[in-house]
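For reference, TrEMBL has these:
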TRANSMEM  7-25  transmembrane segment
DOMAIN    8-276  domain 'E3 ubiquitin-protein ligase synoviolin-like TPR repeats'
TRANSMEM  45-68  transmembrane segment
TRANSMEM  101-121  transmembrane segment
TRANSMEM  141-158  transmembrane segment
TRANSMEM  179-206  transmembrane segment
TRANSMEM  226-250  transmembrane segment
Amino acid sequence: MALLSPGRYVLASIVVAAAVVWHAFSTRQQFFPSMVYLSSSKFSLAVLGNLGFALALATYKIVLRIFLGRLRDSEVERVNDKVGQAVVETCLAMTIFREDFTAAFLSMFIILSFVKIFHWLVQDRVDFIETTPNVTRLQHIRIVAFTLVLLGIDIWFLHYSIGRTMERVRANRPVGVDLLFAFEYTASTIVLTFIKYCLSMVDIAMEGRWVGKGVAVFYLELTLDMLHLLVYCAFFAVVFSTYGIPLHLVRDLYWTFRNLNQRVRDFLRYRRITANMDQSFPDATEEDLQRADHVCIICREELTTQGALNQCTLYALGW
């Protein structure tokens, strides 16, 4: 059991912040001197900043309860594995824009961190729904609603960040930290996650017999890798032209290019194999199918002499 649960942490933060505010107003006795003290005292700023984080954490818990309910152990484990790496990478990116470090910047960073976690959880939940037959209608409504909410948040912050960046460009000032937030929200995968969810619903409606699902998901992931590579290259070029080489992006740029290259190789290998499949593997005769009772021993689908590629064939090809 945790020494301090999230609920107790939020309550303690509110009590401490209220005590600091009461002390400021009781000793200064006027509004303006009290506000000057609260905005200049390092201790007061730390307490109020902690209160802001606690309220953000409480909002995070409420949003999860509304849209996702209780998290599975695998989802919690994935968040714990990725959040540390994401925070470190973002902090490294902040070193480039350290002159723009303000309270507003810190607030945007906290919001971005929680939004990233929401995106990871939605991806995991979509994968879970895809492989779980017993999913209620309420769960579908909640995941679709949450996806649309995240899409709206991404669009709003992207519009806001690009607008602030363009203001700096028109004022002949170097791009600031708003470019970092624009990059983070542009690299969002919520749209493709929703498309993947729709593909899963089509497959469920067809009772798992949609042979082309693997191909569609492959093209979707290929599009995602291409989008990521374009965004990373654009952000790398802009930052390099103003601040020098962004070392924190070299690793992500390499892995994105490597993933895209691997998917293209898989695609070319698939096309080469399927183009020669008729010559390399002759069709089964009716006598062969009768010996197997016209049923695939792997996926249990019905076999015909003129059927299309079944799901087992696609899996064997790496799809």
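Yeah, the Cβs are placed from backbone N, Cα and C, and that goes for glycine too.
A TrEMBL annotation is a machine prediction, not a hand-curated record.
Note that the coordinates shown come from a computational prediction; the quantities given were computed from them, not determined experimentally.
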Would you mind listing the long-range same-chain contacts of the transmembrane segment (141-158), meaning Cβ under 8 Å and 6+ residues beyond its ends? 66-69, 111-112, 115, 118-119, 122, 125-126, 129, 181-182, 185-186, 188, 190-191, 193-194, 197
Near the transmembrane segment (101-121), which same-chain residues lie under 8 Å Cβ to Cβ, leaving out any that are not at least 6 residues past its ends? 49, 52-53, 56, 59-60, 63-64, 68, 71, 75, 78-79, 82-83, 86-87, 90, 94, 146, 150, 153-154, 157, 177, 181, 184-185, 188-190, 193
Can you give the mean pLDDT for the domain 'E3 ubiquitin-protein ligase synoviolin-like TPR repeats' (8-276), rounded to a whole number? 82
